[in-house]
Amino acid sequence: MPIKTQNDLPVKEILERENIFVMDENRASHQNIRQLEIAIVNLMPLKEDTELQILRSLSNTPIQVNVTFVTTSTHEATHTSLSHLNKFYETFDDIKDRYFDGMIITGAPVELMEYEEVDYWDEICSIMEWSKTHAFSTLHLCWGAQAGLYYHYGIPKRVLPKKKFGVYAHRVKNRKIPLVRGFDDVFYAPHSRHTEVLKEDILKHPELTILAESDDAGVFLLMDQDGKKIFVMGHPEYDRYTLHNEYERDKKKGLDIDMPVNYYPDNDDTQKPLLQWRSHGNILYSNWLNYYVYQEVPYEFINNREIIGK
C-alpha cells in the first residue's frame, strides 16, 4: 500500500530503506484514485517511533492511505520537539470539521492515573465523541482501548499486581469475523501495561464481541457490532526492540521490572529478541483497512468530506 506522507517526514527515509512504498505529496497529487484518509491520534511520548511503527503496519494492502497525525493541545509533549509537532501534526481544532475514513488512537503511559486526572482527558473525550460522526471506524490501542471502553461503555480498568510485560500467546475466539481472517489458531502479540480490563466486565455488554484472548494476558481484541469501534489491548505495531528499549529504560531508572516474557532467546537479554508477532500485526491492520474502512465507507460519508473540500 502506498503511504502518503509529507515530503520531509523524518521516518520516511527509514520506511523506504525497508522497501515500504512511501508516496510524497508531490507524486500523490498526480494520482487520480480514491485514497483513504486516516487520522492517527498519537499519544505516545516517543512520537517518531510510533509514527514509524504504525506507518509500517498500514503498508501491507494495495490501498493508498493519506495519514494525518494529531496531537493534543492540552498537553505539552516533552519527548518530541515542538518544531516536529508544528510541522507534522494537527490539533483537534484543526481537524474537527473534517471527515476521516478511519482513525487510530494510540496508547499512552498514563495507565496508573485515573482517567479524569489525565490532563488531556477532556480533549480525548471530545475526540472520541466526534469520532462517532466524523471517523467511519476507530481503532483503539492499549491505553487508548481502555480509555475507549471506559468512555463509550463505562467499563473500568483494574490495576495489575505486576506489569504485564512481554510477548503472549492468544487464541482466536470467533473466526467468522473478518477482522481475524487469516489469523492462526494461536498467535503472539506484545503487551506492556500496568492495568487491564476484565473479561467479566466486557461480557456485561452484549454489543461487544471478544475476538481473541490469552490465558496469561487476558482479552486482546474486541469490537462493537458493526466494527465502528475496535479495541486492541496490546501493541501489535511494536517493532523488534521496543520492549527491549522499555526494559533497559526501566532498569536504568532502578525500577522493579521483570524481564519481558517469551521475548529473549533462552531468557538471555544479551541476545537479539525474537520477532514473533509481525505477520499477525500486519494482518490485523490490513483487515481493518480493507473490511471495516475501504469496503464499508458509504458514498454519503465520502461526499460529506468532499463537500467541505477536505
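Each Cβ is built from the backbone N, Cα and C atoms, and glycine gets one as well.
Per Swiss-Prot, the features are as follows:
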type	residues	note
ACT_SITE	Cys142	active site, acyl-thioester intermediate
ACT_SITE	His235	active site, proton acceptor
ACT_SITE	Glu237	active site
BINDING	Lys163, Ser192, Arg249	substrate binding site
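Shown on the structure are the features that Swiss-Prot records.
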residue	record	contacts (Cβ under 8 Å, 6+ apart)
Cys142	active site, acyl-thioester intermediate	Thr106, Gly107, Ser192, Arg193, Val232, Met233, Gly234, His235
Lys163	substrate binding site	Ser192, Arg193, His194, Ile257, Asp258
Glu237	active site	Thr50, Gln53, Ile54, Arg56, Ser57, Leu141, Gly281, Tyr285
Arg249	substrate binding site	none
Q) the residue listed as 'active site, proton acceptor' has how many other Cβ neighbours within 10 Å of its own Cβ? A) 24
Q.
Take the mean position of the Cβ atoms of Lys163, Ser192, Arg249, the recorded substrate site. Which other residues of that chain put their Cβ within 8 Å of it?
A. Phe165, Leu243, Glu246, Tyr247, Asp250, Ile257
Q) Which whole number of Å gives the largest C-alpha distance between any two of Lys163, Ser192, Arg249, the residues noted as binding substrate? A) 15
